[in-house]
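Under the heading nicotinate binding site, Swiss-Prot lists Tyr21, Thr210, Arg318. Feature annotation from Swiss-Prot assigns phosphohistidine to His213; the stated evidence is similarity to another entry. The 5-phospho-alpha-D-ribose 1-diphosphate binding site annotation in Swiss-Prot covers Thr380 and rests on similarity to another entry.
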Amino acid sequence: MEMELDSEGRMVVRPLLTDLYQATMALGYWRAGRACEAAEFELFFRHCPFGGSFALSAGLQDCMRFLRAFRLRDADVQFLASVLPPDTDPAFFEHLRALDCSGVTVRALPEGSLAFPGVPLLQVSGPLLLVQLLETPLLCLVSYASLVATNAARLRLIAGPDKKLLEMGLRRAQGPDGGFTASIYSYLGGFDSSSNTLAGQLRGVPVAGTLAHSFVTSFSGSEVPPDPMLAPASSEGPTVDLPARVNLWLKRVCLYLGLEEQEPHPGERAAFVAYALAFPRAFQGLLDSYSVRRSGLPNFLAVALALGELGYRAVGVRLDSGDLLQQAKEIRGIFRTAGAQFQMPWLESVPIAVSNNIDESELMRLAQKGSEVNVIGIGTSVVTCPKQPSMGCVYKLVSVGGQPRIKLTEDPEKQTLPGSKAAFRFLGPDGSLLLDLLQLAEEPPPKAGQELRVWPRGTQEPCTVKPAQVEPLLRLYLQQGQLCEPLPSLDESRRFAQQSLSLLRPAHKQLQSPAVYPVALSEKLRALVDSLSARGPL
């Protein structure tokens, strides 16, 4: 898709990023005289993704930006006129030209919130024709963002708090927009950085990266740097011929490792020297272009030790093939002994980064106790979400003209919850999460310490709950087209997501066969559902 940027340098989603049937329904509403009827839709999901027990809500900021800028251009209206019946009343197209979101109100979960099945991520109210047109773009903006954020959060739970996670999936993503979105929301979900420089430029995602095998293999060893001299890190003292110092160190390193001096690949060494001259304060080596043990490691050590003499410290190595866990263990052992042998103790703590199509199961290995891996680069498994490539969000009508609406189907789990609703989160005395409650908006809010009878979804029996704390979940972000409160930054949403995840009970954080987090209905909402299920919609 053509990338169009707004005044803040962010990508624009246009109103015609939608399904044709939204336009045909809009014409139907207009012909029926119902275009301006008050209506409310809810955007939610029915099942937690990846077989888990939670999701993270994401994409709200993108939704607000889309809604505030919503306007059909002349070219948009002309295209719709070309695909709708030729005898369509021109007044309908004039109605479309005049549309904006000045009559739209949105309540939503804050970005980065824990979300559970059936609880609205967004509540969108306004004129029926308009809020119907918003369905597909809002689903597009929320579903993938929430899926990637949830996937990233799961990977962060596996990795634990100490491992650095680098998202590096841009080249594996489903197109440039998918790659850009994944970089943003994997960061929100708990990754530390991304390789995607556009995400860094436009959304402030920290960027990181190393070097590729192409850089290493492009050198043969015969290259002579135009300027081989390097000044000490302190800027005091004479400059040093770095390639010459590296060759001297190589002799000592090979003797120490029991290698012939000819074994380490000269082209690889030349590549490392070139990189070190360009980045003396950020030198890192990719060790597996030829042989980790016989070439990559000794070449890296020779360059790192030569830099160390000048007061610089290498910042890491990366492995991209083989048994990553075992190799990292062996390399760490050599770093420890080499640091002592050559009196450069900082070598012992040089970070070891790994990549190579890492998925959840491999991440579990790399994160196990005693692992010497420090940084884990994940691409395909975070951006494509292979375990579940779609969030399954839906956007359903819940009221028209102030009257509740319900969808009754042959599949009971696809039945909707009618009416305008409020949502609350109940917490226990220790601050852990107990359940989420859905009730009609007209009901008084529940209070802490108040015993309530509620109906957990998926059960036929009520239960009694007495929360120590009650938190309203849905906040008013857009009222009559006006933003009601400043939207948090990406970093603030990321911190909020991590804080929210910390409140989940361990049983709900399990990635395999987790306990189901309960979502319950108030007695009044349950009674309305039963009534409409028996009688059909009002």
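Numbers here mean position along the shown chain, with the first residue as 1.
Placed from the backbone N, Cα and C atoms, the Cβ positions cover glycine too.
Structure coloured by features recorded in Swiss-Prot.
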residue	record	DSSP class
Tyr21	nicotinate binding site	helix
Thr210	nicotinate binding site	coil
Arg318	nicotinate binding site	strand
Thr380	5-phospho-alpha-D-ribose 1-diphosphate binding site	helix
Cα proximity to His213 (phosphohistidine), best match among binding-site residues Tyr21, Arg318, Thr380
Arg318
In the chain carrying Thr210 (nicotinate binding site), residues 6 or more apart in sequence that have Cβ under 8 angstroms from it
Gln284, Leu286, Gly316, Arg318, Ala353
Considering each pair of residues in Tyr21, Thr210, Arg318, all listed as binding nicotinate, report the largest CA to CA distance in Å, no decimals.
50
Among the recorded positions His213, Arg318, point out the residue whose Cβ has the most other Cβ atoms within 10 Å, with all shown protein chains included in the count.
Arg318
I need the most crowded of these binding-site residues: Tyr21, Thr380. Count other C-beta atoms within 10 angstroms of each C-beta and give me the top one.
Thr380
The residue listed as '5-phospho-alpha-D-ribose 1-diphosphate binding site' and Tyr21 (nicotinate binding site), distance between Cα atoms, whole Å:
33
